[in-house]
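Trainee: My questions all concern the structure below.
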């Protein structure tokens, strides 16, 4: 039997050598006596995501929602211009904060459909008006998703009139009670759902998220990377920029902008979202300057073995470039309304777009994660 | 010459190995169909998509909506008939046609092992697989033979040998051998497999798997042919395929290959298997041990049959080398990649964004691929030029109808191959709507930026 084994190995060696154009031994990356290996622990990565990024981000968001609620409590009995401005600021602060959790549509958030409930835009003003007069509405219905959340508040505090005075006057007229109670209902809905998601994360989901540290298509890392890329491509790139810009329709659709009634916030919200995506990529702890295991460090660990291009740098470079271009723009609404052809915004969009293949093709391929998991056989 | 001819073609040998092969093949195919159906893949892959990618020349083969289930039912039923050897010739022809039709419906699902099943079932049409331990032979004693010409068994060995050997040849390239690619990407991601998981991240393991894998494919046909190494070789077959099953999502293929390798054993093994089987089926195995020898009369039909087989094997041997007729890197252009036993050779993925330009006004927009393709189709389309072209033609037709005027179709595509940084696959300035599909080189594929040496 030994002879057979030897014979086999020998014949394999001969057959395998015959192809490589005279090179006797396979060159290895680095020193041959320095065997490299990928020692990347996915569980450490998941712990960092859950404890230092996801849960703190939700906590901050819930805190900002509380701030929004209390600004509303001040506005409710005294609908002055001053209180409206304070309410608007609190709304924007919470809306920015939302951009840091919107991408985490997995587990509890996925179960309640948080993103759909909190930020479906453009909002449907007919539906909102109808709800306000009817009072018999049920905000938990899917059909009401386009009549609640941040976009509905956008309309109610920014879009009810031409000027702040005009808006404030609406809250001091006959419709006042109906308007106020609608805002209250919308805020309640947002707060309840968000607190529910945060509570689920803390109470159980965190542990199962971390425990699912395998490599199957349903493992946390694989699923989350899919959700992350999906968010970047569909919500950040297309939702906040591409669709209003008209890249999928041929003509600009400014009324599809996020925070359309606010007018000057859509680029701010986009930039928040982009920073959230990039910080998540780099494993930066929420609200701190420290960082931990991340997609970037995972790529670095894999790359050390592969000795290939530095994907981490390329991806960060592309995010930076996109941020630079978008930061130089006027608010998106002005870009779209003041330019017959919004060239600058298109150029900025192209930079945002360029990160998609880097994430969806290069990163995912390097990590051997299947994108949009397809349950079928391979070769 | 005559003795060689006798030894490899005309000599009479026991029919039992072929009978066992037929039974196991039919059974496995039946369970493959059941599995496919049970997972809901018929609905997911053939009913729900609104668009299907066709093979060049087979555009007329499309899923049959609700009747697709009937097609699978017919395919599964014929597999059972093959297994029991009832109206075998008709059954295997029906199986070959229905199975091949299924595979031709959408090339998104192309797998080498589906192709293997198709050509194997084609070959089996010409084999006397129903003269031993088959209901056909049981029903009419004049069709029962214990001995058959050896070519019937050797042709199966040859086909299996080609599959393995060509799969090994394909691995003799610099990415596989010198960079341990793509295993260097795939193996570390399987870190959670019991026992092996920790090892898979080590570089030497990745090289060892690459080299042993190539060596295995090249050597196994010979080790199986040689009587002394056969048991060892069969052990290797089992270990190798079980390992691939554990590491990669490759469905039924490992089992099919393990079972197929049994054909190399001599008839005693198969008689043992049939004795065991007969305890369940109670067909009376001794009935088939009738000492009768099957000889094909030297008629036109026989010669035609032999001619077909010679052409079949010539094609099998030559076809995988057709890539030599195309310029450029095979792994990049994939011109001549399919139907060549290039199995698990590349980690390749891509991204393709299509731009529709109104030819008159110059207005343009991007296509959301989700509107037309399933995620699986989009994934397969994004890195294969022939898919990109077919999809571009579909988009052109769709938007010209909607637009009521001519449109141009451009694609912005990025493809990564074996860990290289993604680069542009298709010339973004070429209007794909004007390009025609053919067997000629697609000049709009941009050249590969690196070099992969080898076969």
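Note: Cβ is positioned from N, Cα and C throughout, glycine not excepted.
Under the heading domain 'HTTM-like', TrEMBL lists B:10-269. Marked as transmembrane segment by TrEMBL: B:20-42, B:66-84, B:91-108, B:114-135, B:147-167, B:204-225, B:232-265.
Are these features on the surface or tucked inside, and what touches them?
Mentor: The average pLDDT computed over the domain 'HTTM-like' (B:10-269) stands at 94.
The list of residues near the transmembrane segment (B:66-84) in space but at least 6 beyond its ends in sequence, with Cβ under 8 angstroms from a Cβ of it, reads 22-27, 29-30, 33-34, 36-37, 42, 46-47, 90-92, 94-95, 98-99, 101-102, 105, 124, 129, 134-135.
Residues of the same chain lying 6 or more positions beyond the ends of the transmembrane segment (B:114-135) and with a Cβ under 8 Å from any Cβ of it are 15-16, 18-23, 25, 29, 82, 84-86, 88-89, 92-93, 95-96, 99-100, 103, 143-146, 148, 152, 155-156, 159, 163, 256, 274, 277-278, 283, 285, 288, 294, 305, 308-309, 312, 316, 338-339.
Residues 7-15, 17-18, 21, 116, 119-120, 123, 127-129, 131-132, 217-218, 220-221, 224-225, 260-261, 263-264, 291-296, 309, 313, 316-317, 320, 340-343 of the same chain sit 6 or more residues outside the transmembrane segment (B:147-167) yet have a Cβ under 8 Å from a Cβ within it.
Listed by sequence, the residues of this chain that lie at least six past the ends of the transmembrane segment (B:204-225) yet keep a Cβ under 8 A from its Cβ atoms are 157, 160-161, 164-165, 167-169, 171-172, 176-177, 180, 183-184, 187-188, 232-234, 236-237, 240, 261, 264.
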